[in-house]
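**Q** One structure, as structure tokens, below. Some questions next.
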Amino acid sequence: MEANTLMSRLDAWTESGALRPLDLVLTRFIQEQTPESDPAVLLAVALTSERNGHGHVCLDLAGALAHPHALLTHRSDWLTPPPGPSTELAAQLASLTLDDWIARLAQSGAVEDRLGIATAVSDLDGSDTPDPEHAPLILAGTPERPLLYLRRYWTYEQCIRAGIAARLRQPLALPEDATRDLLDVLFAEENADTPPWQRIACALAARSAFAVITGGPGTGKTTTVVRLLALLQGLALGSGGPALRIRLAAPTGKAAARLNESIANQVGQLPFGQLPGGEAMRKAIPTQASTLHRLLGPLPDSRHFRYRAGQPLPADIVVVDEASMIDVEMMSALLSALRPNARLIVLGDKDQLASVEAGAVLGDLCRRARAAHYSRETRAWLERVTGAQMAEDLIDPNGRPLDQAITMLRHSYRFRAEGGIGALAELVNAGVLDGQPVRDPLAALETLFARQADQPDPRLGSIRRIRLTNEQDAQLDQLVREGYWRGPKHQGYLAVLHEQRPPDAAAPEAFDDWARAVLKAQASFQLLTPLRQGPWGVEGLNRRIQRLLSLGANAPIAGANERQWFEGRPVLITRNDYGLGLMNGDIGLSLRVPARRDEHHASTVLRVAFPAGDGTGAIRWILPSRLQAVETVFAMTVHKSQGSEFTHTALVLPDVSNPVLTRELIYTGITRAKSSFTLLHSRDSVVREALGRRVERVSGLAMALDQN
């Protein structure tokens, strides 16, 4: 096929939605810059860009040839992907062999051939800014698994590898006696009946300049990191040195606010009074977290940050929570911004959904975490410092340096394993029920829901399944009405809004108290969906719920169908607004409050109440007209829910299968629930396919880390 013929085909694929306009523009640019472009090269460029748009860091050439129908079909707003582009692509790729494709790419002026070449740190210039002297694409990986990158994504991966490798090479010899004594005090109330994984995580992280602590909900990641920070500050102050400068961060404003609250609560529970210099240790542990963007200092109209290589962040320790949400670009920026001797401590659930943007950094880092792969030297050191006896199946004489810096917390203090939310999460994530692998996950799901219905136990976290018959099934309406308004045993946020409203003459503090109560009630129930569009997406569900709650003389919300802004509207910030101090993921509620003296046009006005997110419980009141990037959030996508928790979470699945429905998505939805989870679906086949589908992000990061 000639290059122009291929470009016409790409035009058609873009028109159908299989390619993004960006993919087409990039491919056309490469064609213009290299007029002799081989059609096989142009096709690879288009597919590489298309894969980036779906979260993959690069194009796996062998995978594309083996599974062409897996490409050009992944669009979350398509309930039925059009078959044409995928079929045409398969025909195009059928004429190529892997060796032929590699050779043609290697000969192109648009591609730098680094296949099989290990990258030295000196090869990196620390910049992702395009250089006209550099080829825009890089062919890397191995001859058996060749990977094609846009240059900046390859640079991100290599910067991550170099930043982690440099920290793993830094020897951090800890005084064993002092470390053991501090751990004994910090974990004095540790339950002897549970494995001491939190203590182990503290010890391992303390002796490494790079550490990862991963675990599911309720395993105590924040509890562990607070004790880790106390340990590190205790060692620093005990040696006569200054307190360490610590910064706390998370990918979103909501996650940062939760980290604020968790850290503050945990610091208040630590036994500082039993430690020499305990008060100084307490004061040296920060309780204020920020978003990663704010931590690094974004430069206006730029992808770059104030803190970067050559201008490092003034911190000795950086702790990042909810790391599953971090993409390769942000992780690269973070590592580049750290001082050479600064510690990086990463927290997160490796089994949650990966970042919206390209990469699955936490998953790549933790791919060996379950089996641990601790060396014999690590085992001996842990036994001396923590007293923990490490199981033989977790020991690997050939364990890699990265393995020694990663701890997987394995005991949930929130959910018991024998049923309820904990068992449901384990079944969906690992295919295990009652400690045994299951052959038929859907049948096991039926068993688990039936067991909960027959023997409800509030200690397990309640789980419930609602079978929907069609799009208009009244069971969904009833669930929503009870969740947001009121039910037999529940008072939703709209009931609190109406019943606890202060009189107009009340002091401003009374309205702050009211807003806090309404926001707390709003977090008691949340409807989640995998999709944005269609009747089962957030757009369709939000319209439906808004209409439902507006009907009748005693409807809990009024004016929703006539105005964009109405009292009781829950909104989600969708883009960071540094001027207002609101971050992507923040949730607020519009409430009617007395007008201020300078607002003479009315006695009351609508303002949107947001938690200040600083751990103080303060409320920020913002005029709706100042909010430029918000959406109604009666229903929320599972992706947007990451970093949040709700007392009762309900996940509604569409009636047609979709590539975005995966184990990780359902697991993430389940683990947003603190006490109760409801699954709504109509077709068993949709659930079965989702349980059998895993997120597979193509990247070379794991391969790059193995070079260390």
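Glycine is treated like the rest: Cβ placed from N, Cα and C.
Feature list, courtesy of TrEMBL:
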type	residues	note
BINDING	Gly215, Gly216, Pro217, Gly218, Thr219, Gly220, Lys221, Thr222	ATP binding site
DOMAIN	15-114	domain 'RecBCD enzyme subunit RecD N-terminal'
DOMAIN	633-676	domain 'UvrD-like helicase C-terminal'
**Q** Per DSSP, to which secondary structure element type does Lys221 (ATP binding site) belong, with helix, strand and coil as the options?
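**A** It is helical.
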**Q** List the other residues in this chain whose Cβ sits within 8 Å of the Cβ centroid of the ATP site residues Gly215, Gly216, Pro217, Gly218, Thr219, Gly220, Lys221, Thr222, in sequence order.
**A** Thr223, Asp349, Leu409, Ser412, Tyr413, Arg414
**Q** Given the model, what does the mean pLDDT over the domain 'UvrD-like helicase C-terminal' (633-676) come out as?
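**A** Within the domain 'UvrD-like helicase C-terminal' (633-676), the model's average pLDDT equals 91.
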**Q** Quick check on the binding-site residues Thr219, Thr222: which one has the highest count of other Cβ atoms within 10 Å of its Cβ?
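**A** In terms of Cβ crowding, the pick is Thr219.
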**Q** Taking the Cβ of Pro217 (ATP binding site) as the reference point, list residues of the same chain whose Cβ is under 8 angstroms away and which are at least six residues distant in sequence.
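**A** Sequence-distant Cβ neighbours: Asp349, Ser412, Arg414, Phe415, Ala425, Thr671.
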**Q** By DSSP assignment, list the helix, strand and coil residue numbers for the domain 'UvrD-like helicase C-terminal' (633-676), in that order.
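**A** Grouping H, G, I as helix and E, B as strand yields 12 helix, 14 strand, 18 coil.
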**Q** Give the residue counts of the domain 'RecBCD enzyme subunit RecD N-terminal' (15-114) per reduced DSSP state, in the order helix, strand, coil.
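**A** Per-class counts: 60 helix, 5 strand, 35 coil.
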**Q** At 10 angstroms around each C-beta, which of the binding-site residues Gly215, Gly218 has the fewest other C-beta atoms nearby?
**A** Gly218
**Q** Looking at Cβ-Cβ distances, which residues of the chain lie under 8 angstroms from Lys221 (ATP binding site) while being 6 or more apart from it?
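**A** Lys221 (ATP binding site) has long-range Cβ partners Ile213, Thr214, Gly215, Asp321, Leu347, Gly348, Leu409.
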**Q** Under DSSP, is Gly215 (ATP binding site) helix, strand or coil?
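**A** Reduced to three states, the DSSP call for Gly215 (ATP binding site) is strand.
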**Q** Just counting, how many other CB atoms are there within 10 A of the CB of Gly216 (ATP binding site)?
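**A** Within a 10 Å radius of the Cβ of Gly216 (ATP binding site) lie 24 other Cβ atoms.
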**Q** Which residues of the same chain, at least 6 positions away in sequence, have a Cβ lying under 8 Å from the Cβ of Gly220 (ATP binding site)?
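**A** Counting only residues 6 or more apart in sequence, the Cβ neighbours of Gly220 (ATP binding site) under 8 Å are Gln198, Leu409, Tyr413.
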